[in-house]
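Reading through the structure tokens given below for one structure.
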Amino acid sequence: MAEPLLVVGLGNPGDNYARTRHNVGFMVADLLAARMGSKFKAHKRSGAEIVSGRLAGRSVVVAKPRCYMNESGRQVGPLAKFYSVPPGDIIVIHDDLDLDFGRIRLKIGGGEGGHNGLRSVSNALGSKDFQRVRIGIGRPPGRKDPAAFVLENFTSTERADVPTICEQAADATELLIELGLEPAQNRVHAW
């Protein structure tokens with residue numbers, strides 16, 4: 001039997017961060033778990049919360065690291081090892097300052113764009129060659145510090161669109177699982 005794909009939503013644990021821009025990865029992971037009809041449970045060896053089952057016809061483990069974003073690799077690395085998942089079979093869902101709010105893009109590899117959660121995952125895996133579902137949160141206004149911006153809640157105007165954006169990101173993740181990168185990019189990047 002083929003090893004599962006590992007889908008990781010990045011975010012920060014705790015109610016204080018639940019509605020922040022940095023937590024869209026967690027929001028999408030929650031939607032994927034609901035689509036699988038499962039609830040997250042603790043994975044003792046890694047410390048992350050996981051759901052395992054089928055998604056888009058494949059065996060999948062969806063994970064939410066329960067450490068802070070900048071330390072995500074500390075739990076993603078052990079999960080990948082436990083399930084024998086190579087970097088190319090890992091999908092990381094994360095916020096992206098370099099994309100306009102609501103834009104979704106798929107890619108594999110590349111730089112981290114200053115995203116310390118991605119950097120932590122890359123370091124833990126010893127590779128940047130994992131798949132990514134990038135969810136645009138836009139740039140901070142004026143001279144606002146990007147580190148502070150990502151930890152703020154969405155504005156009331158943005159908040160109205162977040163559920164739809166997260167549903168689209170979950171759809172994009174399922175297309176990536178079902179079709180592979182290039183065919184999924186062709187569809188998602190046309191949205």
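Here the Cβ of each residue, glycine as well, is placed from N, Cα and C on the backbone.
Now, the feature entries from Swiss-Prot:
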type	residues	note
ACT_SITE	HIS22	active site, proton acceptor
BINDING	TYR17, TYR68, ASN70, ASN116	tRNA binding site
SITE	ASN12	site 'Discriminates between blocked and unblocked aminoacyl-tRNA'
SITE	ASP95	site 'Stabilizes the basic form of H active site to accept a proton'
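By a simple count of nearby Cβ atoms, those within 10 Å, the most crowded of the recorded positions ASN12, ASN70, ASN116 is ASN12. The two recorded residues, ASN70 (tRNA binding site) and ASP95 (site 'Stabilizes the basic form of H active site to accept a proton'), have Cα atoms 13 Å apart. The recorded positions near TYR68 (tRNA binding site), taking a 10 angstroms Cα-Cα threshold over the set ASN12, HIS22, ASP95, are ASN12.
Around HIS22 (active site, proton acceptor), taking its Cβ as the centre, 22 other Cβ atoms fall within 10 Å, counting all chains. Spacing of TYR17 (tRNA binding site) relative to ASP95 (site 'Stabilizes the basic form of H active site to accept a proton') is 13 Å (Cα to Cα, whole number). Rounded to a whole number, the distance between the Cα atoms of ASN12 (site 'Discriminates between blocked and unblocked aminoacyl-tRNA') and ASN116 (tRNA binding site) is 12 Å. Distance between Cα atoms for the residue listed as 'active site, proton acceptor' and ASP95 (site 'Stabilizes the basic form of H active site to accept a proton'): 6 Å, as a whole number. Considering only the residues assigned to tRNA binding, TYR17, TYR68, ASN70, ASN116, the longest pairwise Cα distance works out to 16 Å. Calculated from their C-alpha atoms, the gap between ASP95 (site 'Stabilizes the basic form of H active site to accept a proton') and ASN12 (site 'Discriminates between blocked and unblocked aminoacyl-tRNA') amounts to 12 Å. Under the three-state DSSP scheme, ASP95 (site 'Stabilizes the basic form of H active site to accept a proton') falls in the strand class.
Other Cβ atoms within 10 Å of the Cβ of TYR68 (tRNA binding site), summed over all protein chains shown, number 17.
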